[in-house]
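Note sheet for the following structure.
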Amino acid sequence: MSSRTRKHAQTSTSNSSSLTPSQSSTLFSFKFIPHLMLTLSQIILSTLALLHFPSYKLLDDPVKSLKSTVIILAGVQLLIEAARWTVLLDGGRKIDSDDVDTKISKTSMAKIRYMIKKRQWYFVIAVGITLFGAFFFHIIAVLFGAPLLNKVENTWLFAIYVSLLAIFPSACALRDNGPAWARIFSDNNPVTIPEKSIYYPTVATVVGAWLGAIVIPLDWDRPWQVWPIPCVIGAFLGHIVGNLVALIVCYFNVESTAEKKRIDSIVFCVAIDVDGRLDLDSGLTSNLVLRSGLASHSVLHPNIFDEKALQF
């Protein structure tokens, strides 16, 4: 082992603050005002996309109205999500000269345009996942009682609408990271601020669409009881509620107590090769993500910020 130089660094609860993300961490800091503005913008634009911009009103002709709505909403979601993750990841962090052309200004819109250009392939993947989500919601709607052969277009447009609200933001963040999808939505275990910012709107949108179906079989003979109008309105209202809840939760940053204790109790040993590579000796660190900041030994939380997940 003469070719290797090993450096052991044991970390315990007393100095874990230097290794685990905190509220003051640049990467994990929550900027309330930018997120508030983005949330309000998303609510206003999604409201206009559903109720104002379409030339046909939702109650008069759901199919023609939703055709216009999903096109407008797709553009709104693309812009909002690009802006959201730019603010989240780059809002408080100095841009590296290696990552960004020096000619690019540091204004918010320039950052958004750059991130879309640089990460456009990730958006393509997100669109694919969103379409898959639309197929999934279409099948679920039929299983829950939507017409199988009649009003197929109504059901498909409803599924696309719900998928744009619920799936697209999560797909932009998680892409094809299956374990992250399973932990956040199947195990209902969002831990970090970014995870919570996508969890609550997604769940509230789906629950809202489901609750909207309650009024359809009632014998009221109202025009808004026609499929899929109640479910569309329910998904829309649920999305608004979910975004507001996510904003409040992220502001107070209600972290998982168990997760904090687990990270604070980790004791690991870092072995540094002479060529600069890092090895982790402890088996507990298999779920950790170790970035190559040799001076600070920066360890990020095992969540969607790994290389296979959020990469805006």
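Using N, Cα and C of the backbone, Cβ positions are placed for all residues, glycine too.
TrEMBL annotations: computationally assigned, not manually curated.
What TrEMBL says about this protein:
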REGION    1-23  region 'Disordered'
COMPBIAS  10-23  compositional bias 'Low complexity'
TRANSMEM  32-53  transmembrane segment
TRANSMEM  65-87  transmembrane segment
TRANSMEM  121-144  transmembrane segment
TRANSMEM  156-174  transmembrane segment
TRANSMEM  198-220  transmembrane segment
TRANSMEM  226-252  transmembrane segment
CB contact flag for the transmembrane segment (65-87) and the transmembrane segment (198-220), at least three pairs under 8 A: no
Which of 32-53, 121-144, 156-174, 198-220 contacts the transmembrane segment (226-252) most, counting Cβ pairs under 8 Å: 198-220
Surrounding residues of the transmembrane segment (156-174) on its own chain - C-beta under 8 Å, 6+ positions past either end: 46, 62-63, 66-67, 69-70, 73-74, 77, 81-82, 84-85, 122-123, 125-127, 129-131, 133-138, 141, 146, 180-181, 184-185, 194, 198, 201-202, 205-206, 209, 228, 231-232, 235-236, 239, 304, 309-310, 312
Tertiary contacts of the transmembrane segment (32-53), as residues 6+ beyond its ends and Cβ separation under 8 Å: 68-69, 72-73, 76-77, 80, 83-84, 87-88, 91, 165, 197, 232, 236, 239-240, 243-244, 246-247, 250-251
